[in-house]
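Note sheet for the following structure.
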């Protein structure tokens with residue numbers, strides 16, 4: 001009941017605005033520009049997919065939004081307040097599950113609550129979240145005993161247990177086999193629809209972006225700039241053979257300069 | 001009663017009765033051979049007159065005969081208790097080899113005096129030391145263990161703290177790293193003459209030297225462990241709201257523990273050398289001192305006995321460390337088995 005009161009107390013989700021953000025890496029003295037004047041706003045509760053060729057700088061953008069690094073230029077803000085560091089209301093699911101190998105599944109999921117000193121207050125959420133991702137029977141398992149899909153589910157639970165306002169997904173399904181990938185795409189959408197957080201998904205899989213997101217932002221090659229911002233106004237569950245989606249897919253392939261190859 | 005009938009009787013629910021399997025015969029033969037070797041050893045010890053004066057030959061012969069008879073019987077009746085016989089099977093090749101080695105040792109020392117005397121005492125001379133001088137040996141073991149543990153724990157603790165600080169703080173590294181590079185690789189024994197007058201007692205000097213020897217590898221490996229922690233672990237923890245203390249104690253240190261244990265293992269091994277040297281040079285107690293004393297009195301049997309006890313002690317301490325590692329790092333797939 002504590003969690004219910006918590007949910008009623010505030011509206012889930014957050015508005016993320018990226019304003020004129022440019023970013024450079026310093027590689028042995030030579031600046032490497034990765035983001036070029038990127039601006040967009042993800043509204044409260046939106047599911048935005050950031051799509052682009054691999055290595056274009058999308059993941060860097062996510063690190064800026066998560067507050068892991070400050071942008072070289074421009075401002076990233078959450079509900080109007082500048083983001084200047086990481087915060088547990090904005091959690092990241094990385095491409096690798098990066099579970100702590102010395103902690104069992106349950107203790108990995110408990111990580112955020114433990115770090116914030118909320119273990120006693122909201123410990124019940126841990127088992128709840130494990131059930132949500134279907135791993136209640138693996139609470140005592142160690143990470144090296146899990147399959148890739150299960151490990152990524154644990155990483156998802158580790159993020160969701162904090163009731164985030166923003167879920168940042170950095171190609172979380174990129175290394176999974178295609179069947180696990182399909183089922184987890186549906187699961188993540190369901191979790192998002194139930195909880196109502198804002199979601200940012202980085203992917204280079206056009207189909208994944210079209211199946212999951214309410215909006216797809218297409219990036220150019222590095223340094224990344226926005227090429228197109230496409231609303232996907234379709235009810236869930238979506239089907240990959242939907243003619244509208246097939247049309248959108250063709251359109252995006254064209255934007256990425258790949259229309260000739262398929 | 002023949003072997004075959006025992007085997008058939010004990011086979012119980014086994015589908016095929018009659019001739020015992022090849023493994024069963026080997027198992028029984030090995031135990032019987034080992035038993036025979038020990039009985040032969042007892043016989044040689046008891047009935048072949050010694051070329052010199054050594055005590056406790058009678059007791060040794062009795063014990064060896066008893067042990068050999070037990071092995072012999074176990075070989076004959078092993079079928080009655082298959083699980084025990086199977087466990088014994090793992091040791092019988094070693095027991096057989098040991099029995100033969102003891103016969104050879106006995107023959108070349110006490111009986112034929114082929115090996116120069118008194119530098120190579122026979123087995124029953126060692127038995128004499130263990131039976132007659134055990135209070136002094138035991139006292140030495142306790143003294144050695146106490147000194148070793150004091151030095152090792154102090155050194156490991158200090159090395160761990162230095163290693164974590166080196167991995168975490170740039171300012172600390174700036175000052176400590178050069179000093180460590182200069183002092184660390186030097187053998188601690190070189191400090192011995194200075195340590196013995198710089199410290200109030202040779203005992204405290206020895207604790208310092210053992211600690212120094214242990215601390216260096218522990219510090220270096222803890223440092224490299226902390227430095228090599230996957231930065232993604234820190235990213236994950238930071239986005240989940242981790243404080244600096246959380247990053248050190250709940251991320252860096254557990255992730256570095258496998259390295260720390262390599263350092264502890266190296267430090268422990270190196271510290272034994274310092275322990276024995278310190279005991280020989282200044283500390284008037286412990287196994288090193290016992291060895292020194294035995295050499296002074298040309299008590300060679302006592303020296304071998306002390307060496308045997310020392311190897312058991314060092315091996316026991318290393319085993320203990322590995323047990324601790326297995327317990328703390330059970331999340332890893334174990335690599336080296338001790």
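Including glycine, each Cβ sits where the backbone N, Cα and C put it.
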TrEMBL tags one of B:7-27, B:28-48 as transmembrane segment - which one?
B:28-48
Quick one: which of B:120-139, B:180-199 does TrEMBL have down as transmembrane segment?
B:180-199
Note: vs the transmembrane segment (B:149-168), the recorded stretch with the largest number of Cβ pairs under 8 Å from B:28-48, B:93-114, B:180-199, B:247-277, B:297-322 is B:247-277
Per the Cβ under 8 Å criterion, with at least 6 residues separating them from its ends, the transmembrane segment (B:28-48) contacts 3, 20, 57-58, 60-62, 64-65, 67-76, 78-79, 85, 88-89, 92-93, 95-96, 99-100, 102-103, 106-107, 110-111, 123-124
Long-range CB partners for the transmembrane segment (B:205-226) (under 8 A, at least six residues beyond its ends), listed in sequence order, are 147-148, 150-152, 154-156, 158-160, 162-164, 166-168, 180, 183-185, 188-189, 191-192, 195-196, 198-199, 252-253, 255-260, 262-264, 266-268, 270-271, 273-275, 278-279, 282-283
Taking residues 6+ outside the transmembrane segment (B:93-114), which of them lie with a CB under 8 Å of any CB in it?
30, 33-34, 36-38, 40-41, 44-45, 48-52, 54, 57, 64, 68, 71, 120-125
Six or more residues out from either end of the transmembrane segment (B:180-199), which same-chain residues have a Cβ under 8 Å from its Cβ atoms?
162, 166, 205-206, 208-210, 212-213, 216, 219-220, 273-274, 277-278, 281-282
